[in-house]
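Features of the protein shown, as given by TrEMBL:
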{"type": "ACT_SITE", "residues": "A:Cys95", "note": "active site, nucleophile"}
{"type": "ACT_SITE", "residues": "A:His191", "note": "active site"}
{"type": "BINDING", "residues": "A:Arg129", "note": "substrate binding site"}
{"type": "DOMAIN", "residues": "A:5-198", "note": "domain 'CobB/CobQ-like glutamine amidotransferase'"}
Amino acid sequence: MQLVIGYLYGDLMNIYGDTGNIIALKKRAEWRGIKVKLKVKSLKSKIKKGEIDLFFFGGGQDQQQEIVATNLITSGKGKIIKSEIDRGVPLLSICGGYQLLGDYYKPHKAAKLIGVGLFPVCTLASSDRMIGNIVIESMFDKLVGFENHSGKTFLKKDAQSLGTVIKGFGNNGEDKTEGCIYKNAIGCYMHGPLLPKNPKLADWLLKKALETKYKRKIELKSLDDTLENQAHNSAIKKFG
Amino acid sequence: MQIKIAIFLGKLIALISQTFKLGGGSAAPGLYSLKIDSNLVEKLIKQIPHNIVITGTNGKTTTARLLAHFATQSGLKIIRNHTGSNLERGIASALIQNYRLHPWGVNPKFDLGIWELDEAAFNIMVPKIKPELILFLNVFRDQLDRYGEVDTVVKKWAETLKTLTPQTKVLVNGDDTNTAKLAKYFIGKVQKFGLQNYKLRGESIEKRGHNTKLDFEAKNIKLNGLKGSSFNLFLNHKSYILNLPLPGIYHIYDTVAAIAAFTCLFTDIPIHPLRRLSEASRYTNTLKSFLPAFGRVEKFSFQPLRLERKVEGYIFLIKNPAGATQVFETIAPQLRQNDRLLLTLNDNLADGTDVSWIWDAEFELLLMPLSFPRKRESNKQNIYGSPIKSGMTVVCSGSRTYDLAVRLKYAGFEIKEENIEADIEKALKQAQKGLKGRLFILPTYTAMLELQYILAKRGIKEDYWKKE
């Protein structure tokens, strides 16, 4: 089996160790004998239908984020990503990537940045900086990470959150929700990076990617996750 | 009167903290004195004729120490903030400790103040210090939870530069596009330093094809493993060959920066006539006697438990992706099968509470025999190489020891359960068990302070605050 991971704007959106998520996906696939090919999809790249089996979209600095927001719309990549997600391709987006895949982002004094419209959420700039370790309860059990954002994301009525905040701020620091899940796509504020310390979520993404690609049910071989679970549990013990 | 009360209180706190071994007293005295007189720093610094400010993500302390070394060897009396405590309170502490409180007393006269300021403190302190020279070393991602993004840091520096008088001397790293572009925000003259054929891109130093115009440039660079390096430097129409007893490209940057700053400031000013050194001997001879800043690179020898002979140990501070990756690049080609690594990751405030950065540092390099510098297409491409060297023992430690262990596992290390020990003192013992080769210790900032204390307690090295 082979997997193609698409790192969306990996040259511009890779702040806060988010590349660790790519390393985790790649290693966990390789340890099971699955070949992985990494493709960085940036400003000038095109994305063909069926080309990417699993998307990752990290966070960036303000200036880069603006460039990427425009490019997603003008290059048509946003539309393709949305149609790929609709047919079941999994995606993980963190912080900036999550915001750009929502309906819109409203900066302090500038016009709205229109998003891809994948997640039914909108984000408003705020003057609060939400920084610190975060623990949430989700369908993947507890998830641990580190958040650092000032944008406040609000879910629309029909949106499903990734989980409930146990410790930290989450989407907006107000309603105890964190992240959003739509089909097999996840958006959230959890750096850390997220996947190395939450192997259950990493494996869910791999499984969905393979099942969508090979159109059959797939059971992943189990790995020795002693260290990963110790890191996970010690974070919960320390911060949760 | 207010200022005298402030200084008295500061001195008292410093005494208490040193007597009871609460630390070197490098921050607390300043903290409390500033509460009594918030203008303490301006008032005291005004009395010093020359002041240099050093900022940047990496290399501040080593550069400050080099500058201090050149200055004292030239007969100048210097004052500086010590031991990496570079917030306003650190500066206040340094001033307080050097200020005499006799009603009739004369303060020690200083010729030069050397102030290292972190990325954020820079903007607050520069208007207060009004330095004669500012040195921008580099800017990398560092403690994003504290300083914010690189673009934000540069933007704020630019705003501070706009407020300075044109007479201020500004020196920037010409190989770092972020510091080089600061020139356009300053109305005075900006000079650049750098290394022939190198530039800083993203989180790494790499070979560059073309040369940008540099006012101070290290040429013919030769790296000599853990022993150091040699290079040529052109100063005032003469070329000097310099031997640097510190390993790694990043230390050549610090050295060129320090020499450039010293030259800019003191070429025209007569230095103490009796101890006036020729330029050649100032830089070539004094470099030989230079000891690196505590923990940045340190060599020591010790006798491991149950072992008859002494072995060598090295400490290299790691604190952000760029700095750590440069350390890995420096030591990786020197590592042998029998050597051991002790890595410690803490998440205290001074380390940064966000430990995500370890995933941007290329721990994979420690397992790859390589010759520096490598050519790369992008700094994200080479993390996926397969490690070749294996079997080397690595011990993980610190308050986030499991995060570190997971990072190392994904880098290709085999991590044994007995080699994971949060407690640094126990981890140090574990790393020594049956050690045949050398021990390389790579701690984050507060872990390094703990280590210094442990090593001092065992008589392996001195307390860092007593060293100066």
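The backbone N, Cα and C atoms fix where each Cβ goes, and this holds for glycine too.
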Completion exercise
Listed recorded positions A:Cys95, A:Arg129, A:His191 screened against chain B; CB under 8 A survivors are A:His191
Handout entry: Segment-level pLDDT (mean, integer) for the domain 'CobB/CobQ-like glutamine amidotransferase' (A:5-198)
Key = 95
Fill in the blank from the handout: Counting across all protein chains, other CB atoms within 10 angstroms of the CB of the residue listed as 'active site' number 28
Problem - Coarse DSSP state, helix versus strand versus coil, of A:Cys95 (active site, nucleophile) - result: coil
